[in-house]
Amino acid sequence: MQTLEALARDARALANGEVVLSAPETEVARQMQICNACRYCEGFCAVFPAMTRRLAFGQADIHFLANLCHNCGACLHACQYAPPHEFAVNVPQAMAQVRGQTYADYAWPPALGRLYQRQGLTLSLALAAGLALFLVLAVVLQGQGLGALWSAPGSDFYGLFPHNLLVGLFAPVFGFATLALGLGVRRFWREITPATSGAPLSAPATAEATGAVLRLKYLDGGHGDGCHNEDDAHTLARRRYHHLTFYGFLLCFAATSVGTLYHYLLGLPAPYDLPSLPKLLGAVGGLSLAIGTAGLWRLNLRRHPLHGDAAQKPMDRGFIALLFLTATSGLALWAARGTPALALTLCLHLGAVMALFATMPYGKFGHGIFRTAALLRHAVEKRQPNPIGLGAD
Ligand code: SF4
Ligand code: SF4
């Protein structure tokens, strides 16, 4: 419950036209004041060096720091003021709660962001199932009966769904995801830029942030032994599964892009066989994505309860489940070519891919983009003179 003093402070701020912090934002500001006096965790990640450049924490600072945090858990396990200490410092959890709020705050359209935040797993699976069912019905109607679903149509996907129909289905979904993500990250960038020196991007800052993203630098715990998952022990498992997932996804995306070039530039329509480039990229990417997401799911189930925000579990698991479904159904599609299972497998795969793109702007994928933006601003800010003349980057 808010104290009378806090309520009076909020009322004063509202009357003066100032921003009133939400409860999770106020909690991050409180903990950052304690950490700023302690500074024991300075070497763990980018959050603490960024914190030392501030004496007060406004909303934009808090949103910036929350998205800079990778939820590695290192500062919780190192903290002498963590619960049950009366200071109750739990930086990963406080940051996770604000981060979840920023996904919804910056999402476009906002109602979808809030819905996905509450019902991520259900929404993802229902959307994938609904879209797959829609495609099943299309095959049945087109083939004049249920028999069309279980027959051996050879290995030609376009015999089931003409190429132009697939483009007509996927282009709007992909366009919507890109637009929604772009609008969300633009709002985020505009808010945090003035709070992070306002200086423009430079080539060295961009190179540093890109390196940190590609190597997942801050999941090494600051010492190379990794971060935490279910207990005090360091583990590199999270970093490795994240890498498998991240690069697996990129390879799958590259496979689709190269396939598009084959189709339009070389006049070579899918399906492709080994050792063609689209097939190689897709096979390696699909395997990597399947292993990475299976590992992340397992780690998520065993995650220390104090690390994150329990309310965001459905959202996190929804994203992992859709990525896993996309990868495994894509691999299954390869095996199903020339068999009666082709039509059903193709419907399931296309449904999963479409649901993945439709929900991308609202969950963990958005976190990857927002986090990249925060790392870019951090790399810019640390190159500017320290505004309070204390500490060092
Ligand atoms: S998390 Fe704890 S140990 Fe680390 S800087 Fe903050 S107060 Fe200090
Ligand atoms: S959880 Fe990890 S990334 Fe987040 S503030 Fe703590 S040490 Fe930094």
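Any Cβ shown, glycine's included, is placed from N, Cα and C.
Going by TrEMBL, these are the annotated features:
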- 121-141: transmembrane segment (TRANSMEM)
- 161-183: transmembrane segment (TRANSMEM)
- 244-265: transmembrane segment (TRANSMEM)
- 277-297: transmembrane segment (TRANSMEM)
- 318-336: transmembrane segment (TRANSMEM)
- 342-362: transmembrane segment (TRANSMEM)
Next item on the list: Sort out for me which stretch, of 244-265, 318-336, 342-362, has the most Cβ pairs below 8 angstroms to the transmembrane segment (121-141).
Entry: 342-362
Next item on the list: Residue list, the transmembrane segment (318-336) vs rest of chain: Cβ under 8 Å, 6 or more residues beyond ends.
Entry: 116, 120-125, 128, 245, 248-249, 252, 282-283, 285-287, 289-290, 293-294, 296-297, 300, 342, 345-346, 348-349, 352-353, 355-356, 359, 363-365
Notebook entry, point to check: Which sequence positions outside the transmembrane segment (244-265), separated from its termini by at least 6 residues, show Cβ-Cβ distances below 8 Å to it?
Noted result: 163, 216, 272, 276-279, 281-282, 284-293, 295-296, 323, 326-327, 330, 368
